Ligand SMILES: NC(=O)CC[C@H](N)C(=O)O
C-alpha cells in the first residue's frame, strides 16, 4: 500500500501518521503538500490531525479550499480511500466528503484523553478486522469534536450503517458520561455512503504501540490493507 499524508499549514499529526504507516505497518508513505495537485498515485489519502490554518473561521473551513483537495475529492469520487483523522475529519466534512459538521466541544474545553469506542459497523473497508460491538481504546485530542447533523442525516447514517464508532463507557453503553464532546448520538466516526471515506475524531494512528497505551488501532489499518489486497483500487 502507498499512503499519502496531506500537509496543510498547521497540520501537527502528519508525522504521527507517517510513523504509523512507514515504521509500524511497514508500508510506503509519502507527504503530499497541500498546494500540490499530484496525489503521487497513492492508494490511501490521510487527512491528518492538527490545526490547519489555525482553525480560523471554523476547523477545516479554509483547508478545504487548499488546491490538493480538488484531487482528494476526485480520488474519493473514483472510489479511492480517504481517512480523515480529527482535523482531517473536520476537513472532510467541510469539503462535502462526509455529511454533518464538527462543532465546539459542549464543555468549551479542549479534551485530551484515551476514550472507549464501540465498533458499530464492520461492513466497511476500514473496520472489517474488528468485530461488531468490540470496545476499543483510542485517544482523542480536540476542541471541536461535537459531531452534529440534521435529523434526516442522522437517521440515514444510522439506517445505512454509516455510524462506525460511538463513544461508550467501559460497560459498552453510549452514555452521556462517556461522550467527551457532546456529539449527537455519541458519534465518534462515520463513513460515507460509498464506504470509501472514513472520518473519525479519535486518533487510531496513536493506538498502534503498546508503549502508547493501546494497540486497538491496528485492525483499522489491517482492514485497509485487506481491502486493497482484495483488488479494490482507485
Ligand atoms: N488533534 C487535532 O486534530 C485537533 C483538531 C482540531 N483542530 C480541534 O482542536 O478540534
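Just so you know, glycine gets a Cβ as well, placed from its N, Cα and C.
According to TrEMBL, the active site, nucleophile annotation covers 86. With a 10 A radius on its CB, residue 86 (active site, nucleophile) counts 30 other CB atoms from all the protein chains.
If you look up TrEMBL, you'll see 203 (among others) marked as active site. Counting only residues at least six positions away in the same chain, the Cβ atoms of 13, 16, 49, 85, 86, 138, 139, 140, 141, 217 sit under 8 Å from the Cβ of residue 203 (active site).
DSSP assigns residue 205 (active site) to a helix in the three-state reduction. Around residue 205 (active site), a 10 Å sphere centred on its CB holds 29 further CB atoms from the protein chains shown. Among the features that TrEMBL reports, active site is placed at 205 (among others).
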Residue 86 (active site, nucleophile), DSSP three-state class -> coil
